[in-house]
Amino acid sequence: MAMDRHDKEKEMASVLLSALYADVISPSQIRDGFFMLLESVDDLVVDILDAVDILALFLARAVVDDILPPAFLTRAKKALVESSKGFQVIQTAEKSYLSAPHHAELVERKWGGSTHITVEEVKKKIADLLKEYVESKDAFEACRCIRELGVSFFHHEVVKRALVLAMENQTAEPLIFKLLKETADEGLISSSQMAKGFSRLAESLDDLALDIPSAKTLYQSLLPKAITEGWLDATFVTSMGEDGEVQKDNENVRRYKEEAVTIIREYFLSDDIPELIRSLEDLGAPEYNPIFLKKLITLALDRKNREKEMASVLLSALHIEIFSTEDIVNGFVMLLESAEDTALDILDASNELALFLARAVIDDVLAPLNLEEISSKLPSDCSGTETVRVARTLVGARHAGERLLRCWGGGTGWAVEDAKDKIMKLLEEYESGGVVNEACQCIRDLGMPFFNHEVVKKTLIMAMEKKNDSMLNLLQECFGEGLITINQMTKGYTRIKDSLDDLALDIPNAREKFTFYVEQAQKNGWLLPSFESLTPLDVSLTQAAAS
């Protein structure tokens, strides 16, 4: 809205964002919001001709105001198409604003300034009042000066600078602690701003150590004192290591989440599943697979049906290639545990999550029993339990398969249903005397390698129904060319194995034929060693039942 108004409103919007930062809008939400803007620039320029330049200035201003890290620009560029207007916005922000001499002052004054003081001016005032306090020892006057600044959203800077001052001048430490305790007791500096100040200090310890060699040791001593005196919440240390530094695992998770978001956004742009799987494998962190699932669906929830459909299709591919059922279950548990928070931003989140769960069952990513497992892992008072119940209802409804395949209105997943028809037609043509190379080309043309298990399943069923074992020649050719992977082949055989009871109603010797097909597959090296063959007892029981 500000982009389509005067400079006064643009300045007010930037000041408001700084005020909302951390206390109301989290840093990750700020990043996501700006990325959504970058993605929509091509539409914005239709109504606002100079949208590229205006948004570039908003972006630069966010960096100068310390609400966006400079690294955001680099990551966002990787996730945007070079020919897009969003990419052009970042280039403009970097070249026209952030690389200019005295760029902070230039950017702060670009919209004519306002009655509000700039971030740089606030930092200077904070430094001056702290220096004056150490000299005068007047805590009452220092609190008055902090209050007069009128920047409660920026009080974390007061905390950080005060603690740095205590490190630089250790004789001033008692005075600094007295002031911070006073501000906390008065409610002048909130507990979240206090924790934010400590967190920012922890993040900058490596840089501080260049000027204060004992910075880390000093920080370790400050932390327990602050908690003991009661002006730093004890829960703050749950995210910190014993030495006061952010735990390595937490840092790894944070870095993984950032990489995951970039990979997912690139996928939404490219629709390239094999590339996404390669990127995930390159990360080499399978223990974080549930986190990836949570990020995937959370990002899709706030987008259009196309992305929701892509997310569901991707889940099928990931389950076949690299995700275990346990990964999928744990990912959904994490999602549902935070469903109430998600609903604050996405009003229909509960219903959308129920659709994702139900769709996962229809796509064979989850078994119906997994819904019970997910529900049992949730806290008793969690709203996610109701979401699971709705998902079970959706799965049990008439024509659930067809409805849920269309739940996002088509898109990529629409192609899944269409692919089933095409697979049947190409197999019928091949069985009636078609050429194996042409059949392979048709499979390749489908462009859905994650769905080739359906080719395997349909081929085996047709071989049983038509009593035509030569159909397996097609599988041999596909496997030899690398068109159907061992994972896809195993998945196809597993799906047949799981549905043998139903198949035996129409094909009495289904188990006997399947046992023969498994022997052929194992002989040819098509199946993973983990695949479990039928026992002779299984076969004899089916034959007895059929007779």
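Residue numbers in this text run from 1 along the chain shown.
Cβ coordinates are placed from backbone N, Cα and C, and glycine is handled just like the others.
Taken verbatim from TrEMBL:
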DOMAIN    1-78  domain 'MI'
DOMAIN    121-242  domain 'MI'
DOMAIN    255-376  domain 'MI'
DOMAIN    418-537  domain 'MI'
Listed stretch, out of 1-78, 121-242, 255-376, that has the most CB pairs under 8 angstroms to the domain 'MI' (418-537): 255-376
For the domain 'MI' (255-376), the number of residues DSSP places in helix, strand and coil: 103 helix, 0 strand, 19 coil
Residues of the domain 'MI' (121-242) by DSSP state, where helix covers H, G and I: 102 helix, 1 strand, 19 coil
Helix, strand and coil counts within the domain 'MI' (418-537) (DSSP): 93 helix, 0 strand, 27 coil
